[in-house]
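Taken verbatim from TrEMBL:
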TRANSMEM  30-49  transmembrane segment
TRANSMEM  55-75  transmembrane segment
DOMAIN    67-207  domain 'Phosphoethanolamine transferase N-terminal'
TRANSMEM  82-102  transmembrane segment
TRANSMEM  130-154  transmembrane segment
TRANSMEM  166-183  transmembrane segment
DOMAIN    242-529  domain 'Sulfatase N-terminal'
Amino acid sequence: MDSAKASAHSTSVLTKLSKGIVNFVKQPRLLFWLFIVLNLVPNFCLLFTEPLSGLGKTILILLPLGVYMVVFSLFKRAGLMQLILIPVLILHAFQLVLFYLFGESVIAVDMFLNLPTTNASEAGELLGNIWPSIIIVCVLYIPVIVLASIAVHHKVKRTAVFRKHMITWGIIFFIIGSGLVAFEKHRDNTYEVKTDIYPANVMYNLYYAGVKWNRSMNYPVTSKDFVYHATRDSVHQRREIYVLVIGEAGRAENWELWGYQRETNPLLKNEDNLVLYKDALTQSNTTHKSVPLILSAADACHYEYLYTHKSIVTAFKEAGFKTIFLSNQTPNRSFTDYFAAEADIHVNVRPQADGGLITVNKFDGEMLPLIQQYVDSLSENLFIVFHTYGSHFNYKERYPEEFAKFQPANATEVEYKNKDQLINAYDNSVLYTDYFLHSLIGILKNSGADATMIYSPDHGEDLLDDSRKRFLHASPIPTYYQIHIPFLMWFSENYIDARPEKYEVARYNSSAPISSNASIFHTLLNMAEIQTPYFDSTYSLVNPGFVRRPRMYLGDHDQPVNYYEVGLKKQDKEMILKRGMDYSIE
């Protein structure tokens, strides 16, 4: 009996709730303003996150408000336009998740491009840590869709008089907003609707991402006839091996060799002939941008080269080297995949399942037996590229158990209370990278070849470092921790014996402020004494003619921006000065 009463009570409550929702929906004016306010939520957030002038803040609300008032008044049926604008709601949801992750800015081009270049395994690791933001956007926007659907189902209509008034006022607000845009643009000539007003800027970024993706997909066609015309000035008696190791999410701040208080480089710190570049910055905080720059003649000032030039792998092939590309990264249809395919030998040690959506975790060290095999079995001069997984989140999965030196390190949820555990896991991943590089150096030493190795991560990482509580990388505005990377070179004794001047110049330039992406291509060619019209000695760190330049960052729309004009915050500038890094613009 009690059960029946409870059931009847529940039914009664649901009936009342249903009637209440229907009655609410049947108030078209109230529904009209609810839709507009909820569509403006990201704009309200941007008022507090972006460095806008008072006029800029007024425009940010007034202009979209005018547009929404007109758009939501176009149809008689209340809710129909909101259903049509579901894709815009998805953009709003994405934008609010971005606020949760980084606390600022709008959805960048790079973030849209991360969608097709990220596999399900990586996405799962991230989504598991941003669930609060997902819940928020679901609570905020799913009811909007439900209410709009109910309104359409019940054929709720707005009066012609109301629609006419709203369209009139919407046009007035739009005209006023447009006038303010013209005034703001006169005051600040960089101000534009497509870059400064949400959601127009996000829609433009989505369009730009689509254009970039199509251009990259067409790369095999646009680069098919490219030739470096690479030759060598001289051939030495001993065999030569040149190695490039590309790290992942490696930040200088947690490397012992860069002054970190923990022993994260116990093996490398005892290696001879290491050259450390303490003031090295990456030109991008995203993998899909940074790695192609490392592997080609392109840099922040010459980004267009990517679409027509082949990689450094082809330059070494033309010069007579056997080329090898070993990867522990999942193929993602990016320039990196095209460049890897240029090699004579291309091996990916990370197996895939479910059509490439899921990957099986592998440690970087599993590439070492392969390279030992190739060094032993191949007699030619070698050029070898390693694309490692380094310190990519989830950090505790990047190293074998025997490297879990810093404990506890089992936390997987990105919360400030877990900061120490996350740092422990990250430091263990650096410890494993130390082992990997030390082991690779050992293989090169034992080969007896004239050998060099360059190690450079693609970008750094945030680890809840300061009051901003930032985590990961690829934020629209970078941080110090995302751009300061541990960049180093190693030279074998035989190489130094054959080319002592290059080793000495490398040491001399180690104090220079450098951009890693701009220097690696030219430095490797210079190390191997490869000549090509595309070689520029002023970028080579082993050339006496190396020129210090203003360091540039590759902006979201692929434009070069001076590092110190990309929006670095007070905390970033304090760390740059604390580490004694160059802070000059010219």
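Positions of Cβ are set from backbone N, Cα and C atoms, glycine also.
Away from its own ends, the transmembrane segment (82-102) comes close to residues 35, 39, 41-42, 45, 49, 71-72, 111, 130, 132-134, 136-137, 140-141, 144-145, 148-149, 152, 198-199, 202-203, 206, 470-472, 475-477 of its chain (Cβ-Cβ under 8 Å, at least six residues beyond either end). When DSSP labels each residue, the domain 'Phosphoethanolamine transferase N-terminal' (67-207) comes out as 107 helix, 2 strand, 32 coil, counted as helix, strand and coil in that order. In the predicted model, residues of the domain 'Sulfatase N-terminal' (242-529) average a pLDDT of 96.
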